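**Q** The domain 'Molybdopterin cofactor biosynthesis C (MoaC)' annotation in TrEMBL covers B:20-157. Marked as substrate binding site by TrEMBL: B:82, B:83, B:84, B:120, B:121. The active site annotation in TrEMBL covers B:135.
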């Protein structure tokens, strides 16, 4: 990719103005996207997440974050200005507790049958899920860091399948 | 902090059920929060952001992301389940282009006069801003990574001011 | 249905985690759902609804509630966490005033052409319509009760048509 | 209350037009409202809720419904046309499983410090929570009925405290 | 006002970046704004509005538009990017049918007690109300024109009261 | 069109009640709508827009308004009560600065592939874009007027193509 001809950004028209790209003539197809991200906790906060006070059911923080991720993914086109609205046909959310590094990993899978992909839906769901974990734990730790939010996989559409070369899914 | 008495999570009641904490008796005060995050680009994508095709105005990607961050921050209590709604009195968004590491850094400042803090508003704004950058550049690069989303500073409220010990603001 | 093998809940995956079920491979078909509900008023409140003060147009409370029901039905997938978003092709709302029991009955019909049903849209519309009636009359009566919100009929989809055995439509 | 002078409806102006009542001159005060409702299940569905398949954590249906109730309550002024927006300071949701009648009872408590009450927030939260239970169980039972959605208690404001004469809280 | 020193736009910071202005130190005060607008109909469409077919209640189009205006005004800060969220204390909507010019005039009054004005809420409500009239009549006339949407009056705040010199209210 | 038989309004059923028309049996087709509108500024305000203070990038007001128009168009079915939700496949926004009359003209193009048209999406986008310009300039001029919001063109659907006889596009 030469620096004198940088790739064009399709979210802008020929005059460089932002628009919502025309996908009307694209074929509807099965689309899938998987996104992942993590939140880094301190050891004490990770312990609180694993052994919550008051005998509360383990995993409740994650249960709330799962619902937030699903609800957030459904709001993607309202949140990301140039993102097309599309009817999601599937959303699932998985968590992994990485005790060695005291991190929580989230993985969101989104699907649709449509004219455009669902990468943003998966990524938005992952971000909202992680923000919800931050919110629920921030009374005991404000130093948590959301990290490594990225696309793992994308299937469907003209450009075909894509796997992130840098990362395997935890699934 | 002993492992046998992990700190309690105030987003759960005495039975361990999620709730929206009662802040009715807290004093209203001036609140401020600053959050930061970054998106890691490839060198070619960073060049495209700096020198967009078609003579489009430099910084337009960031202009769209700024508005998305502001709009997203205002949706925080609808997105984060246990977050209190509150009327923001100020939102600002700054970007820094880190050419050495080909990263874009976002910093969101949120303020209110109210009974609870605006950390989640600042963090949500930063996340939505970074997701919007991803969306606008993903046609040329799907490997971008959102990183280091965290709180830098929090002022106001009973717990007083807090500065993240690990990070200075870019401002 | 034996008690030792309770039916599985399809809103949970094999690990018992909540998800939005995958409907991507279901056939799109004409879908219809009819839901009904009622609000029980005191005799005096029912009279106020029938003969409003100040010569206001009879039925205005119901006119507002009709719009609220339609608008609410369109928000269903944002309100019900595991509900799929889908583009409704029709919504209608009917009211019946039951003077003998001083109740207002609402009936909402929802349609789509899609991969999943519209039961939740009809039920949510009915609920929001009844809540709106409560809101508009609560200055004179806080004891009103919303009752008998249920599905009357469901057409379309693999499971075919279903009629509630306990209730006839008022239509 | 004589039938010849029915009480006036304050959601209409002197010409009988719907409006959002002016509360600008009311005093801000601590406000509380408690609403309750129930969903009637069949015995088999109640058993599925109590003993879900696949060893999924007991109460997960209720965990999702709790978050939906909280999120829904925060959307009240967007859903109920003449309802004032106000910043809730507290929301909590409790469930009771009534094994004798195979019903689930929901109770939502809402608070604010403001110029108008939070009855609609509590009632809307209860309705959305019950609709969410319906959604999650409807694959095994479409005949469930939402019942007895009503206000139990209201504190604060000029009209003072009010207790529903017909019903005790389950709390 | 000299062309060499155009007035500064307070929706931009010192670097010319869009932000949501800081109103945290402004005094809360009673605020009022009145906005007006109109929709120009053809004579035949105006007649249809005045004498709807099927004996439907006169004014129903306007009844729906009134609710849309109120609901839309409450969404203002979600729609207008740099607009502060604030809790409205009052909204009312009036219509006038101008038979001579076959126009419908809408007038929206908004109030709050807060740190910033409600001009945008009144103007947004008027616009959404007029768009709703367009929507309901467009099957018979696509040539309608929305006109003269403007602020009539603004009270409260540091800048004090303001009356549009070009227009009287219809109230 | 005789006055004794005014055309019927299809947003009402046979009893004159508002509903969301049934479009389930209409054919999906490519749909396009173009809407236009303008905001009239004073000469000084027009100059401020063209030559903003502080060396801020020319056109930034319009950049924010463009995003607001796109975001607003996507909210159309939530704002206009009887409007069908539909997945937009394209949105673009153009501005023209009319220095002679010191007006800003906005033109919004919306497309979908669906069972109903996108006129309201184009008109709503144009209105929200103009309101955003008002918001950003109102600190220096409260007398701006939004004018001439109307449909220019409509393609697709059973009724075929339509061009507004009174107005040419600026495109």
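Using the three backbone atoms N, Cα and C, a Cβ is placed for every residue, glycine included.
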**Q** Applying an 8 Å Cβ threshold (strictly under) against chain D, tell me which of the binding-site residues B:82, B:83, B:84, B:120, B:121 fall inside, in sequence order.
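**A** Cβ contacts with chain D under 8 Å: B:82, B:84.
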**Q** How many helix, strand and coil residues does the domain 'Molybdopterin cofactor biosynthesis C (MoaC)' (B:20-157) contain under DSSP?
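**A** Its residues fall into 49 helix, 47 strand, 42 coil.
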**Q** Please find which two of B:82, B:83, B:84, B:120, B:121 have the most distant C-alpha atoms, given that the record lists them as binding substrate, and give only that distance in angstrom, rounded to a whole number.
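**A** Largest pairwise Cα separation, rounded: 13 Å.
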**Q** Can you list which of the recorded positions B:82, B:83, B:84, B:121, B:135 come closer than 8 Å to chain A, going by CB to CB distance?
**A** B:82, B:83, B:135
**Q** Near residue B:120 (substrate binding site), which residues of its chain come within a Cβ-Cβ distance under 8 Å, counting only those 6 or more away in sequence?
**A** B:76, B:80, B:83
**Q** Cβ neighbours within 10 Å, counted over all protein chains: which one of the recorded positions B:121, B:135 has the most?
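**A** The residue with the densest Cβ neighbourhood is B:121.
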**Q** For residue B:82 (substrate binding site) and the residue listed as 'active site', what Cα-Cα distance in Å is obtained after rounding to a whole number?
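**A** On Cα coordinates alone, these residues lie 27 Å apart.
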**Q** Round to a whole number and give the Cα-to-Cα distance in Å for the pair residue B:84 (substrate binding site) and the residue listed as 'active site'.
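**A** With distance taken Cα to Cα, the residue listed as 'active site' is 29 Å from residue B:84 (substrate binding site).
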**Q** Would you mind giving the whole-number mean pLDDT across the domain 'Molybdopterin cofactor biosynthesis C (MoaC)' (B:20-157)?
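**A** A mean pLDDT of 93 is what the model gives the domain 'Molybdopterin cofactor biosynthesis C (MoaC)' (B:20-157).
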**Q** If I take the alpha carbons of residue B:135 (active site) and residue B:121 (substrate binding site), what is the distance between them in whole Å?
**A** 21
**Q** Using a 10 Å radius around each Cβ and all protein chains in view, which of these binding-site residues has the most neighbours: B:82, B:83?
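**A** Result of the Cβ crowding comparison: B:83.
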**Q** Around residue B:84 (substrate binding site), how many other C-beta atoms are within 10 angstroms of its C-beta?
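**A** Other Cβ atoms found within 10 Å: 23.
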